[in-house]
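**Q** Sharing a structure below in structure tokens format, with a few things to ask.
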Amino acid sequence: MASYPCHQHASAFDQAARSRGHSNRRTALRPRRQQEATEVRLEQKMPTLLRVYIDGPHGMGKTTTTQLLVALGSRDDIVYVPEPMTYWQVLGASETIANIYTTQHRLDQGEISAGDAAVVMTSAQITMGMPYAVTDAVLAPHVGGEAGSSHAPPPALTLIFDRHPIAALLCYPAARYLMGSMTPQAVLAFVALIPPTLPGTNIVLGALPEDRHIDRLAKRQRPGERLDLAMLAAIRRVYGLLANTVRYLQGGGSWWEDWGQLSGTAVPPQGAEPQSNAGPRPHIGDTLFTLFRAPELLAPNGDLYNVFAWALDVLAKRLRPMHVFILDYDQSPAGCRDALLQLTSGMVQTHVTTPGSIPTICDLARTFAREMGEAN
């Protein structure tokens, strides 16, 4: 692609850089490599941690399933990190969820402009994303390399998170873009803020027939929520695209090589259930990248402005390392719990980085739950 020379010439640049001073650096690098090897051996003796992020569209039964799973373990070896409802409703702002739904309703009724709605939605999503992003940053220093999943002993600690940072920093902004209440520029601004993906990031997405999903959502009571079927369709579509995007990237897909295969229109808010890693690599048109071939992001020659291309590079870098699992929610709560438990046997653990990491992580998770877990 003519507008992205950095991709075309990266290998030549790297080759030239390596050729300068190579012999001088060889000796200097040897002690560093020995130190790194020692650090790896020490890390492999550390306890292991399993992190599971239960994510997907709202109203499927994620929280119920997670709480049932957590109840199977002891208080010391499995810890639940809930949605930060108190932060959303009290600490970070007042009634953020109600504000989001009211703003979308007013836009749909023609009471406010798309621009006015976008200002409110962007501010609200900052509030929604902050607890996830900062918690990820505090946790990161304690997460070491991946320990693998085959024949691994039980982890010293299992953390079950109610959502990953990408929910608030990617999926819900993208759905609001499909709903007309957020700009594509704002969505990519959130993408740029997604924290680097830690090793052993296991994300569980959900599958549930749409009619069953609507029925479950209609029966639950969450502060400030409205039954918005258009938004439900949009967020279901986005999570389907997310699963496809991870498969596309892990299968060797390159957005900048395949960009020309995209049409000039964003996908409609409808689509199939998320799929597991089985099957052929998805077409780029069935991934999140298709959302960003939008006129607002294109230069006069029809190519993406480089700043937006860089944001898509960030998106690819964040999603590629994720371990994605699909949970069938079309069963009883106990059945969902058992299916989730079975999925965990194939998930990837990590070593922690210090002898004190496990109690520190436990304290972090329980502090989060105590301070932000339930609205007062």
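Every residue, even glycine, has its Cβ placed from backbone N, Cα and C.
Grabbed the feature section from Swiss-Prot, which reads as follows:
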ACT_SITE  E83  active site, proton acceptor
BINDING   G56, P57, H58, G59, M60, G61, K62, T63, R216  ATP binding site
BINDING   Y101, Q125, R222  substrate binding site
COMPBIAS  19-32  compositional bias 'Basic residues'
REGION    1-39  region 'Disordered'
**Q** Of H58, K62, R216, R222, which of the binding-site residues has the most Cβ neighbours inside 10 Å?
**A** K62
**Q** Between the Cα atoms of M60 (ATP binding site) and E83 (active site, proton acceptor), find the distance and write it as a whole number of Å.
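**A** The Cα atom of M60 (ATP binding site) is 15 Å away from the Cα atom of E83 (active site, proton acceptor).
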**Q** By the count of other Cβ atoms within 10 Å, pick out the sparsest of the recorded positions G56, E83.
**A** E83
**Q** Between G56 (ATP binding site) and E83 (active site, proton acceptor), how far is it from one CA atom to the other, in Å?
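**A** On Cα coordinates alone, these residues lie 13 Å apart.
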**Q** For the recorded ATP site, whose residues are G56, P57, H58, G59, M60, G61, K62, T63, R216, find every other residue on that chain with a C-beta no more than 8 angstroms from the centre of their C-beta atoms, and list them by sequence position.
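**A** Once G56, P57, H58, G59, M60, G61, K62, T63, R216 are set aside, the remaining close residues are G206, L208, H213, L217, Y329.
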**Q** Which value in Å gives the longest Cα to Cα span across the ATP site residues G56, P57, H58, G59, M60, G61, K62, T63, R216 as recorded?
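**A** Comparing all Cα pairs, the maximum is 14 Å.
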**Q** Report, in whole Å, the straight Cα-to-Cα distance of H58 (ATP binding site) from R222 (substrate binding site).
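**A** Pair distance, Cα basis, whole Å: 10 Å.
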**Q** Quick check: in three-state DSSP terms, what is Y101 (substrate binding site)?
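**A** Assignment for Y101 (substrate binding site) reads helix.
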